[in-house]
Amino acid sequence: ICKRTTNFPFFQYIFPIVLQKRPRHHQTTRRTNPAKRRRRAIHPSPSPPPPPLIMAMAASSRVLWASRAAAYLRISTFPRAFSTVLKDLKYADTHEWVKVEGESATVGITDHAQDHLGDVVYVELPEVGSSVSQGNNFGAVESVKATSDINSPVSGEVVEVNQKLSEEPGLVNASPYDKGWIIKVKLSDSGELNSLMDDEKYSKFCEEEDSH
């Protein structure tokens, strides 16, 4: 058998084939094209959207920043919760309101007025003991938009001023009919109240003024 196998020419052909080196394209290790690597570096895949927790923290940070900015500018960030026009008040055509209790009258500016002024940053107050007269100004309100005089709807003597407005002028925006009152006056002529408007007339007055 050995002699016959040795003399058989088959091995002359099969050994060179078996021992031949395999071509390079059959190698198992893959090499990345350098050009593709550069393209991946220049054009990275888009990053996934941030998780809800990170978005919530970013929104909270923005709210905190706005609150600090408002505090620095002395602007109130509290939501307003009051009627535009109250029934138990009297109104002047210069947008001041007055609430009478006996001989005392509390004066402030209306919701309509503060809304048109914008965020109030300063309120000029009169001195206690000074006199005010109907239709004449006794102070001013300064906002981010403009400065406007405050006219007294009644005549009398100033017996109290709202000192909180010196530190929190934004109360005029947040609560113009309650915490944002400006002065209290001892009436000298209660008959002047008859020349003022009630809530219905004042509402119509505002509507007509805004339509022009």
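Yeah, the Cβs are placed from backbone N, Cα and C, and that goes for glycine too.
Just so you know, TrEMBL annotations never went through curation; they're auto-generated.
Positions annotated as compositional bias 'Basic residues' by TrEMBL: 22-42.
If you look up TrEMBL, you'll see 104-186 marked as domain 'Lipoyl-binding'. For the domain 'Lipoyl-binding' (104-186), the model gives a mean pLDDT of 96.
Shown in sequence order, Leu117, Gly118 are the residues of the chain, 6+ apart in sequence, with a C-beta less than 8 angstroms from the C-beta of Lys145 (N6-lipoyllysine). The N6-lipoyllysine annotation in TrEMBL covers Lys145.
Taken from TrEMBL, the feature region 'Disordered' applies to 22-51.
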